[in-house]
Amino acid sequence: MIFKVKSSDIEGQHSLIEVVPVILSKSRILVTIILSIITCSLFALLMKWNNKLYRIILFIKIDEQQCTHYLVTNSYNQQSICKKIYQLNHDSFQPVDFLKHNTVEIKQRQLQMLINTDLSHQLRYDIYGNSKLQVPIQSLLTYLFQELTSPFYMLQYFSVLLWIIEGFIMFSIVLISFSFLACLINYFLMRKSRIQLQQLANIKQNVKLIDNKIIDGSELIVGDQFFIEEHLQLNCDCLLIQGDVMVNEATLTGETVPIPKQAIKELSNDIYEHTLFEGTKVIKISPYQQNIGLVIRTGYGSLRGQYFRNVLFPPLPSRVFYIQACKFLIILGLIILSIFTLLLIVKYQYMHYSIKLIIVRYLDAITWIIPPALPIFFSLNQTISLLKLKQIDIVGSNPIKTEDSGKIDTICFDKTGTLSTLGLQANDYIPHQDSLLEIMACCHHLTIINSELSGDPLELEMFKLADYDINFDNQKYFKVSKNQKCFQVIKIFEFNSHLQRMSVIVFNELENQYYLFVKGSPEKLIELSNKQFDQSLLNQLQQQTYQGLRVIGLAQKQLMFDQIDLDRNILENQLNFIGLFTLKNYLKDDTSQVIEELLKSNLDLRIISGDNPLTTVHCAYESNLIKNKQNTIILDYDDQQEILLLQDLNQQFQTKTQLDSKLGSQFNFIIIQLELILNRNCDFAITGNLWGYLLSNKVNDISLNQSIDQSYYKQLRQTDEIDIKFINCLNNLVRKTKIFTRMKPNQKKEIVQYLQNQLNKNVMMVGDGANDCSAIAEALVGVSFNSSDASYTSPFSYKKDSIQCVKLILLQGRSTKSIIIEIFQYYVLISVLKFTGTALLQFQGMNFGDFQYIYMNYLSSIPVLILLTLSLREDKLTDAIPNDNIFAINNQLQFYNIFILTSFSCLIIFFIVIDNSEPPTLPNPIDSYLKEGPLNSVMMIVNQYYNMIICIILYQSNPFKKPLYLNYSLLSWIVLCLIIAIIVTFNKYTRSWLSIVDIEEEIFRHVDVLVFFIIFCTSALCYFCQSILKLKFPLIKSIQI
């Protein structure tokens, strides 16, 4: 039986969607043990490598009452087995949540039920844990067991065993030592990273419980009540149940702005303004009463804990390139084995090789074709790319994302704080009346911190423009005065993003009258007004937003004394909408320049903002994202009147498309209208209202707030209820829309999901605040502009305040991707070349010697692979990305060009040697190889040259990397190895260390010159062919919008 998980959004990004009860079968455990013994632990290893096989073999689905474990599926369709940790409730599971657990059965949830919980301390600890964020750090032995029993190392053990059998003892020891050393280095790097993360996660301080007991902050558990003091950094998420405090939420939003929090009176769905989040710092508390917090979330359940969990358990990366690489190696392996089989039939079987040596050689061929150390160099390249980015103040947390950055074709930007500055400058107020200045002087929550007026920058600018005096002495909040006027603020209703407004109740001492002053979204205040306002304000609103100004609506309402304790939802109605306050929000200095560069590289750029549509369109115009602001249509939806709103900026008016009143026809009518509108040749902007309406009407009970990803979009395509007409219309709408405005945080995430999963885009999301976290985490690559906890959802964080980092990350990503492709091709080609050499050597019963193998692998080609990762990125973006399709004709032609010509060269030299030298005397049967002789010596020299020349031929500079000669370390190593090869070729006194015989004496005079000439000619031909192929079949993929 399958149980769905309710309220799974509590889990954050890694939400669970279903639970299946299973039982661990004892009989199957016994069978597994027997099979593991019979197969020498191979069966156990297969189960370790394949979780699906592990689950199928050991566990059986059963009724919930009898189960011992649960098979849990998360939103990324990943499955794992765990013990019972969820409570079954009405045939469904739900995550443990203190708020819902204690009040779920009560229609009107009572705050006192939480405060006076009947759960014991021990039970609360068992259910929720404490506040310590324990970052898992594996012990060395555990890590070594996990790594050294992986398929990668098992292949190495297999290779070492074969080479020992063939007599390559020294080479085997070096190989296994190198791999073990690499494993140890990886462990210590991982351990260092985890320790740093643990230090960052820990908040060490003491807190005082309400029973006056002092404990370590990490020991707080859900349900505890403690005193909140100044300078306290919170160890948990808690509700403020008494008092008033001011906190700095820079660790969540990236903005160092004092945020006021008030004590909660009753529970509601929105408790943000009463919640103090883990990691935030308390900068001021109410001196008039005790300030008490109630712990509601701890550990990885807190908001900060979820950010850390995203770092520890990132979404699985795309493995398309690596899957293709494996398929290519399998095909290449079959070709090589076929060649070896043909040679065996034609020649080897008549040379009296022992059966043992033939079998070993067959198996050995597999290890040549599938280079076991390849993943090490992929990881090394990604890590070095992170270090390169760190040098330019871009901090990365996930090495794989450096490679993913090379695939980006679409970039979504937040507006405020990303394209534009966070700072605002007061512009004007309309109309010029004293009543507006009164509201501007009172409607805020500024405070004095360190003898300086502090608060939201918008409110600071507004108060400065009002030019009132403010006094905090002996006041619960504050008093403002100017000339004879004096207003005392007696209650503050904090700004709420859902309500889109804040308000204050003030007492006018001169008039002896109470007022409600409100500021917020002009559209929202107009909606809440008594409609008796100057209609010219609507025109002013259009004009000011069209000019890109930030516009704040101002309203007021006269109150009676008996009204001041009413709920804000009752008070904030029938308002007198009296005017507007405007602010300027400038673009960052380099925004337009960077956007212009990104557009020239043919990237698909979007703005996803929560700001006003006209303001966002103006920002897009100023930043060069759209060329003509007037050639823009804003599409909106009024859900109350059920009408589609169309605003054509070229005509400066808004039209309303009334829908058919027949039930079920509204949505189809909207689609028809959108199809007609989208045929226009203009830029489009859509609002969150329209986006939400389109999804909610046709997405049947599928929540995009959960990261259902591919499964969601498969269902989107397959569900009969969603017709093709709608899908095509929505696809067309998203393709043509460059500006998404008035978007809520979850809608930003939905758009990123849609672009990636429905339109197959590779998306980078660039944002700066907590409202961008979901979208940043959902995107293939995320970028933030601060080093706060909020940026942990982002793989990259820039220390400077500029979108220049986007260009730098893209450049480095493309370079990284290009290098990975070259590493793969180079390593495979030199492995195939060594196999070709050994196949030809076996015609005379020979093979390379121990030290020869060590030199070819570890003293020659391995340094090339390492130094290749140091290649410098280009400085200019182009309209192309690396073509990482292994089976693309471009990559195939260039790979086989080198493979065929170098093999052909080896074949020519082989025939020259065997025709002009005495064949060695071979035993019958041949149980071991000869490791010295003229053919061995020549093939060793050939490999020395080609190991370097192949790197030169494969190196792709423009447009992703700078030329090879600027990678000084790699160039120096190549030149050094080629010099050594030349010296060994022409100076017989320098050959003994490589077990190379005097080839002129053994073959004929000046054979060294002939071999060098053949290598030079085939290399020149190979380079020439490669250059022609790069022109005809470039190794790049044009970005298609």
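Cβ from N, Cα, C; glycine included.
What TrEMBL records for this protein:
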DOMAIN    16-96  domain 'P5B-type ATPase N-terminal'
DOMAIN    214-306  domain 'P-type ATPase A'
TRANSMEM  29-47  transmembrane segment
TRANSMEM  140-162  transmembrane segment
TRANSMEM  168-189  transmembrane segment
TRANSMEM  328-346  transmembrane segment
TRANSMEM  358-380  transmembrane segment
TRANSMEM  824-843  transmembrane segment
TRANSMEM  855-872  transmembrane segment
TRANSMEM  893-914  transmembrane segment
TRANSMEM  934-955  transmembrane segment
TRANSMEM  967-989  transmembrane segment
TRANSMEM  1009-1029  transmembrane segment
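Three or more CB pairs closer than 8 A are found between the transmembrane segment (967-989) and the transmembrane segment (855-872), so contact between the two stretches is assigned (pairs 6 or more residues apart). For the transmembrane segment (140-162), the residues of the chain that approach it from at least six positions outside its boundaries are 45, 48-49, 172, 175-176, 179-180, 183, 186-187, 190, 360, 363-364, 367, 370, 372-373, 375, judged by C-beta separation under 8 angstroms. Below 8 A, the CB atoms of the transmembrane segment (934-955) and the transmembrane segment (855-872) form 3+ pairs separated by six or more positions in the chain. Within its own chain, the transmembrane segment (358-380) is flanked in space by residues 152-153, 155-156, 158-159, 162-163, 165-166, 178-179, 182, 186, 329, 332-333, 336-337, 340, 344, 348, 399, 820, 823-824, 827-828, 831-832, 834-835, 838, 842, 862, 865-866, 869, which lie at least six positions past its ends and keep a Cβ under 8 Å from the stretch. Each residue of the domain 'P-type ATPase A' (214-306) gets a DSSP state, and the totals for helix, strand and coil are 17 helix, 37 strand, 39 coil. In the predicted model, the domain 'P5B-type ATPase N-terminal' (16-96) has a mean pLDDT of 84. DSSP states for the domain 'P5B-type ATPase N-terminal' (16-96), grouped as helix (H, G, I), strand (E, B) and coil, give 32 helix, 27 strand, 22 coil.
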